[in-house]
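Feature list (source: Swiss-Prot):
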SIGNAL    1-20  signal peptide
TOPO_DOM  21-274  topological domain 'Lumenal'
DISULFID  C26-C69  disulfide bond
CARBOHYD  N61  N-linked glycosylation site
DISULFID  C82-C89  disulfide bond
CARBOHYD  N84  N-linked glycosylation site
DISULFID  C175-C253  disulfide bond
COMPBIAS  180-208  compositional bias 'Basic and acidic residues'
CARBOHYD  N226  N-linked glycosylation site
CARBOHYD  N270  N-linked glycosylation site
TRANSMEM  275-295  transmembrane segment
TOPO_DOM  296-348  topological domain 'Cytoplasmic'
Amino acid sequence: MYRPDLLAFLLPLLAAPVFSAETLDCGKIRADGHTFDLSKLGGPHSVVTTRYKPNPAGHYNTTYTLDVCKPLKKSGGSKSECPNGTRVCAITHLLKSDGDKKEEDEVTDIVAIAGNLENAGGSRFEWTPTRLSTAESDSDKKKEGLRLVLTGGKDPLSGPSKEKTDQKAIIEFLCDPNKEGTEGEWVSEEKYEKRADEKKDDDKKEDGGDKDEGESTLEHQLKHENASLIWDGFEVEKDVGILRLTWHTKYACEKRDESGGGGSDDGGDNSSSHWGFFTWFVLIAFLLIAGYLIFSSWINFTRYGARGWDLLPHSDTIRDIPYLLKDFIRRILNTVQGTGSRGGYSAV
């Protein structure tokens, strides 16, 4: 028969690998004894996919935007956006043109995939990190990096609960020592507030290197040749909408390099992660002395039935230590102070 209070204690432990929004620090993502620093990848980053539908004719472009460090914040006042607290958002545009008329842009779908969306019709934001090199899957063990699962979204956010589909994003950060992680990013229609250093590179990303696969009815990514952020798919699996992304970056490398990539084992700095020789010497000496005292006390108790101070080895010497120290200190004081100015003779 089990105790209810014991069950209440064990249930939180079973969910230990899942973390809440308050504990997400992109600069210190700990997974299986290793700490990854993804703070340099903070800010909004987007991938854009396209799909052509012949009837009615038009291109459906979907912009998937994420921020691994904090919720997305729109720079404008457009209503076509995910609610506050969203970290991963998908917005679909229908692009169509009628002959010589101007091309029309219509927002057809908005999906909040992950974020703290309890107040918007979704659920609580949770994230699960997995260190690929020590994962259970054989295919993952061949990789170096981090898998991050982000949850909290539902589609649609409004309406009866039974009509809502849970959403989540699975992002694999793979080690690439030659990539910062911001290369080849496609400029999307959605405008989010960026970090100052990202705004300086916007003009460089708008020219050259485009890769479009033409009038395809299958959803595919619009990307440059050197793209670091790759879209792998967005499909419903077991009643859950799952967005899969792969992010090639040096910040997923486990070995720290001179340019700041990688993380650290045990969540500590290299200078404090190893003990020095003196520390080990003191520790071993303490253990040896403690072991000697315990073993000798046990011998004295079992063989001679000793009690109290008699249990300790050399108990007579130990008892005399205070008196020996007192006599030793007295001799030192007499030597330092001397016998006065009588030339070594005492008064009669």
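Just so it is clear, glycine is given a Cβ too, placed from its N, Cα and C backbone atoms.
C175 (disulfide bond) falls within a strand segment according to DSSP. Around the Cβ of C253 (disulfide bond), a 10 Å sphere holds 19 further Cβ atoms from the protein chains shown. For the pair C82 (disulfide bond) and N61 (N-linked glycosylation site), the C-alpha distance works out to 16 angstrom.
If you draw a 10 Å sphere around the CB of N84 (N-linked glycosylation site), it holds 14 other CB atoms from the protein chains shown. Its Cβ placed at the centre, C175 (disulfide bond) has 21 other Cβ atoms within 10 Å. Distance between Cα atoms for N226 (N-linked glycosylation site) and C175 (disulfide bond): 15 Å, as a whole number.
Mapped onto three states, the DSSP output places N226 (N-linked glycosylation site) in coil. The Cβ of C26 (disulfide bond) has 18 other Cβ atoms within 10 Å, all protein chains considered. In the three-state DSSP scheme, N61 (N-linked glycosylation site) is classed as strand.
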